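Here's the structure, in structure tokens; my notes come after.
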Amino acid sequence: MQIIKYPLRSQWAEILTRPVFDTSALNSTVSSVLDDIKERGDQAVFEYEEKFDKVKLLSLAVSAEEIAEAENLVSQELKEAIRQAKENIEIFHRSQIFETKKIETSKGVICWQKAVAIEKVGLYIPGGTAPLFSTVLMLAIPAKIAGCKEIVLCSPPNKEGNIHPAILYAAKEAGVDKVFKAGGIQAIGAMAYGTESIPKVYKIFGPGNQYVMAAKQLVSLRDVAIDMPAGPSEVQVIADETSIPAFVAADLLSQAEHGADSQVILTTTSESFISEVLHEIERQLFELPRREIAQKALENSKLILLKNNREIIDITNEYAPEHLIIETADYADIADEIVNAGSVFLGNYTPESAGDYASGTNHTLPTNGYAKAYSGVNLDSFVKKITFQKITKDGIHNLGKTIEVMAENEQLFAHKNAVTLRLKDKGK
């Protein structure tokens with residue numbers, strides 16, 4: 001890890017540069033696969049599964065028998081953990097249900113909003129180096145609460161043609177309607193365009209590698225909505241001399257093990273604390289099964305020594321981390337001034353892992369600085385807000401002159417006439 005001491009503000013932008021892969025280099029390959037999926041449907045998906053995932057499938061759909069068998073393969077301990085996480089995620093996301101309120105903006109003019117679920121959503125769940133069954137819960141549970149009529153899930157099968165049993169169990173528990181064996185570009189294309197087996201959806205959610213991200217971005221240009229732009233996972237920890245070095249090191253490593261392109265950053269005003277954390281990282285890293293992945297991520301990571309909390313707050317808001325852990329004595333005061341972050345974890349006993357799995361907040365969060373403008377996935381991600389208005393005859397007389405003047409000054413005379421005719425109407 002790189003130690004940076006008291007950098008000038010003019011140096012911050014360079015210091016905070018992320019190790020982000022430019023997906024535009026993949027666009028030719030990705031676009032070709034997407035076009036093929038659009039043209040040939042299931043047959044193309046089968047062929048790309050054989051080419052990319054090294055598996056020859058007889059069917060894309062996961063059967064009820066396969067889901068039942070998967071349930072038998074999941075330990076009771078994990079089932080109970082999934083159910084506890086599900087309960088907390090449901091509680092938190094149910095609290096976000098929108099309540100319609102009718103507002104009289106002026107006499108005789110009533111306006112309101114109605115939240116309507118997106119009818120068909122697609123969830124992409126990576127198989128890769130770790131089966132992200134927790135992401136099934138994070139996406140399917142709010143989709144179910146929102147009232148989405150069809151929840152479709154795609155996940156890459158292993159070489160035996162099976163999806164990880166924990167993913168299938170979580171899908172069943174969370175209320176997913178249909179599960180398909182498809183990964184990568186071909187899964188995104190199938191959900192964007194629809195095939196003989198896989199339904200077309202209106203919005204696609206979920207993480208993935210560079211190819212998945214490139215595919216999502218391309219289909220979002222004209223065919224389907226996506227949750228948000230995404231990049232490698234990241235965490236920033238704010239610590240001081242009262243923080244616990246072992247905890248901070250563990251938090252940094254928990255993000256580093258996600259992937260070699262993950263980034264972890266420690267910001268502190270204590271130089272001695274940096275030394276203690278480095279010692280703990282070395283000790284804990286040796287014990288990790290994924291230490292080689294974590295080690296590569298640490299090469300892109302930084303320990304930044306700053307003069308005071310003002311600098312820490314400002315550099316944090318500039319970085320806009322996906323995950324922000326504040327493990328200082330005055331964590332509440334610092335948190336009050338954070339305006340750019342995906343999810344914030346407060347105090348020594350709130351690890352980022354809690355939000356990843358079971359506290360109830362959503363772990364699908366903006367990366368790559370997008371927290372400056374994007375929210376993480378929440379209940380609103382699965383709904384549309386439709387506005388309504390009802391104007392009485394008195395209402396149009398009260399508001400009509402305003403509309404006429406504005407329309408005339410924009411030289412939109414048909415707009416004006418639509419009001420003028422109503423103002424002249426003598427009917428009831």
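Using the three backbone atoms N, Cα and C, a Cβ is placed for every residue, glycine included.
Binding of substrate is attributed by TrEMBL to Ser233, Gln255, His258, Asp356, Glu410, His415, and within the candidate set His93, His164, His323 the record adds His323 to that site. The feature coiled coil, as given by TrEMBL for the ranges 60-95, 168-203, sits at 60-95.
This prediction places the mean pLDDT of the coiled coil (60-95) at 98.
Listed recorded positions near Gln255 (substrate binding site): His323 (candidates Tyr124, Gln186, Asn209, His323; Cα-Cα distance within 10 Å).
The binding-site residues Asn209, Ser233 differ in how many other CB atoms lie within 10 Å of their CB, and the one with the most is Ser233. Largest Cα-Cα distance over the residues recorded as binding substrate, namely Ser233, Gln255, His258, His323, Asp356, Glu410, His415, equals 55 Å. Gln186 (NAD(+) binding site) sits 30 Å from His323 (active site, proton acceptor), taking the Cα positions as reference.
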